[in-house]
Amino acid sequence: MANLEVNPQRYQEQLAEKTERLTEMFSEYNVPELEVYESPEQHYRMRAEFRVWHEGDDMYYVMFNQETKEKYRVDQFPAASRLINDLMPLLTDAMKDNHSLRHKLFQVDFLSTLSGEILVSLLYHRQLGEQWIQDAKALKQQLNDEGFNLNLIGRARKMKIVLDRDYVIEKLDVNGDSYIYQQVENSFTQPNGKVAEKMLEWAVDCTQDSKGDLLELYCGNGNFSLALAQNFERVLATELAKPSVESAQYNIAANKIENVQIIRMSAEDFTVAMEGKREFRRLQQANIDLKSYNCNTIFVDPPRSGMDVDTCKMVQGYERIMYISCNPETLKENLDILSETHDITRFALFDQFPYTHHMEAGVFLERKA
């Protein structure tokens, strides 16, 4: 994790800079006025990773300056949730005098939630044995007795020890409704919980008058699929990463949503299947008949690289397109294609990553008349 200067006095200034930059970037597309969704000014980040430095009897978190590569001590991290900040000193204090817990520990990863759960992964340059398990269980109990709802994982080369479970349960509020999400260690989750809620509300608002079904590519753990299901008859969603697909299935069941179907496929393979160029056994096994779906709307949330040309062409076949982007540069490249057939009717900036140059954008497109 890189150095990050969190300065609440500068928050509005940096947000105004992003607003201006994003508006300027997309001015050629005749976009509507930008809708801007703010982040909390501090304690907004639900996860954080720190290296661990050992100095005599002392042990503390460090980060590295991106430019000079020099390490610096981190006792508190204002970007991270209050839960992470509360736990940071208690965790090192509890491990400092225990040889099996601190020996060759080199990194600590935190995954926290708005719901109050937190998961800690301890990474070691050695194999972990029975003594570590006993001491880690005692550590977990000690911290839970102090009021945390915590789970612990030990990791080493080709080794992962889960004391209880390797995930947290997050609860996000969307227009007064609470959605349950399983978030698994080391899999993608939205880092800024409060902004994630605003993104879901925006997506629900954009699609509230929808007819027919929704197709979603790159659905992750079902983050958007579940909230959007209320606006569609059915939702068909694709995701390639196996842990994310498993989480999505868990989340569908936990939220008692019955009109969402997840398939484990890449967007590229799904494009081939939709065009009827090839049959896929996994679609047959899941008893999914693509022809039975009436998808007028497509939702895409691609990786930083954006969508390839073939996927863009396939996406153009839908009346309405919702595109969430973590990289405005590749969004712009994709819009060069999509804007040939569609107009942008909603345009949003979500400040997922305050005090950095990163911008999360949302566009809603409708087929030209």
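Cβ coordinates are placed from backbone N, Cα and C, and glycine is handled just like the others.
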Same-site S-adenosyl-L-methionine binder from Glu201, Glu239, Glu319, given that Swiss-Prot records Gln190, Tyr218, Asn223, Asp301: Glu239
Drop a 10 Å sphere on every Cβ of the recorded positions Glu239, Asp301, Glu360 and tell me which sphere holds the fewest other Cβ atoms. Asp301
Rounding to the nearest whole angstrom, report the longest C-alpha distance spanning Gln190, Tyr218, Asn223, Glu239, Asp301, listed for S-adenosyl-L-methionine. 16
Glu360 (active site, proton acceptor) and Glu239 (S-adenosyl-L-methionine binding site), distance between Cα atoms, whole Å: 20
Students should find that the Cβ of Asn223 (S-adenosyl-L-methionine binding site) has, within 10 Å, a number of other Cβ atoms equal to 28
